[in-house]
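Peer 1: I have a structure here, written as structure tokens, and I will follow up with some questions on it.
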Amino acid sequence: MSRAGEAFREVYGQAPEGVWRAPGRVNLIGEHTDYNDGYVMPFAVPWGVTAAVSRREDGRVALASLQAPGREVTLDELVPGRVEGWAAYPAGVVWALRERGLPVGGANILVDGDVPAGAGLSSSAALEVSVALALNDLYGLGLPRTEIALLAQRAENDFVGMPCGVMDQMASALGREGHALFIDCRTLKAHPVPLDTGDMTILIIDTRVHHELADGQYAVRREQCEQAAKTLGVVSLRDVEDLAGALSRLSGAPRRRTEHVVCENHRVQAVVGLLRAGAVPEIGPMLNASHISLRDLYEVSCEELDVAVESAVRGGARGARMTGGGFGGSAIALVANDRLEDVKSAVRAAYADRGWQEPRFHPATPAQGAHRLA
Ligand code: GAF
């Protein structure tokens, strides 16, 4: 029995009906493109959330965690804004399923997460998807994985109140071991692309900072993209074909955001081609270009991410970029295995010079997406 299963038995007095696991994600390339109907290329990471779950018939949802205080709500209390903290994510999933008219009742839930805290590796998607998959199986909903991802996103958008795109939930629900997922966020088709890094490593550099003041900036970026699409008369920035012409009709922030989104979509397609050709080291320049664009055009980086990326490249990485929403969290670097120690030392030294907290390093290997453990 997993640790979550054992803890469930202690908290609720009997064994769970089942145990599920969903991973966090790291994004190889394709940043801030998902909510523009664009392309992304994330993969599931080995860290995630394990959820032990049983149904209950009294209209109550009990939420326990090995990492945080628990909470119990009735199904009637599932109203956006009424549940706060971590519990809003699983509660939001129950809410989203019921909003869709699906026959989901109460539940006893216990979760155990091991995603490095605050690293920007999407512990929230792991939490949502693990619980959504559990309820899907227990209540016999028969939802396809893409639907599970969309419902998890709905929980985060409309119950938690974070206007995220669908990338993280898709990566968690559909990830495949040894593969990155090339996702078209308009059609929601996800193509697994083998990510065989050979004698190289994708190194996660966790800056261990999160700039809370920037939290509202995600929604601002979305609005600026929508505004640009409206000015250009397209459904979304995905539809821009003549970039030079589009840029000549825009100014200020919407112009910079558009340039990033259109070029980032092309970079994703280029990386897919290179990976399919087995040319992993050649994606390095694409990673660097993505970072510069996120820093200068999309303006979602921060000093700690920039220093991590620059010092990693100076230390010998083939390429590096911030990953995820930005303003802290993690960067990734593509590094030949015999240069790993040089790269880590270079980043550590750059942080120490500035008197910053030591960053953490994790090798990222593409892991399996959400699945039932027991
Ligand atoms: C966050 C969001 F949750 C994703 O949907 C995506 O937009 C990402 O930022 C930026 O690419 O992780």
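The backbone N, Cα and C atoms fix where each Cβ goes, and this holds for glycine too.
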Peer 1: Given that TrEMBL annotates Glu31, His32, Thr33, Asp34 as substrate-binding, name the residue from Tyr139, Tyr218 that shares the site.
Peer 2: Tyr218
Peer 1: Give the sequence-ordered set of same-chain residues, not counting Glu31, His32, Thr33, Asp34, Tyr218, with Cβ within 8 Å of the centre of the Cβ atoms defining the substrate site.
Peer 2: Gly30, Tyr35, Asn36, Gly38, Val40, Gly165, Met167, Arg221, Val261, Gly325
Peer 1: Residue counts in helix (H, G, I), strand (E, B) and coil for the domain 'GHMP kinase C-terminal' (274-352), per DSSP?
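Peer 2: Final tally across the stretch: 48 helix, 14 strand, 17 coil.
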Peer 1: What are the DSSP helix, strand and coil residue counts for the domain 'Galactokinase N-terminal' (6-55)?
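Peer 2: Secondary-structure composition of the domain 'Galactokinase N-terminal' (6-55): 10 helix, 26 strand, 14 coil.
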Peer 1: Round to the nearest Å and give the CA-to-CA distance linking Thr33 (substrate binding site) with Gly118 (ATP binding site).
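Peer 2: Gly118 (ATP binding site) has its Cα 22 Å from the Cα of Thr33 (substrate binding site).
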Peer 1: Taking DSSP states H, G and I as helix and E and B as strand, how many residues of the domain 'GHMP kinase N-terminal' (89-175) are helix, strand and coil?
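Peer 2: Computed counts for the domain 'GHMP kinase N-terminal' (89-175) are 51 helix, 8 strand, 28 coil.
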Peer 1: Could you tell me the maximum Cα-Cα distance in Å between the residues recorded as binding ATP, namely Ser65, Gly118, Ala119, Gly120, Leu121, Ser122, Ser123, Ser124, rounded to a whole number?
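Peer 2: Across Ser65, Gly118, Ala119, Gly120, Leu121, Ser122, Ser123, Ser124, the two farthest Cα atoms sit 20 Å apart.
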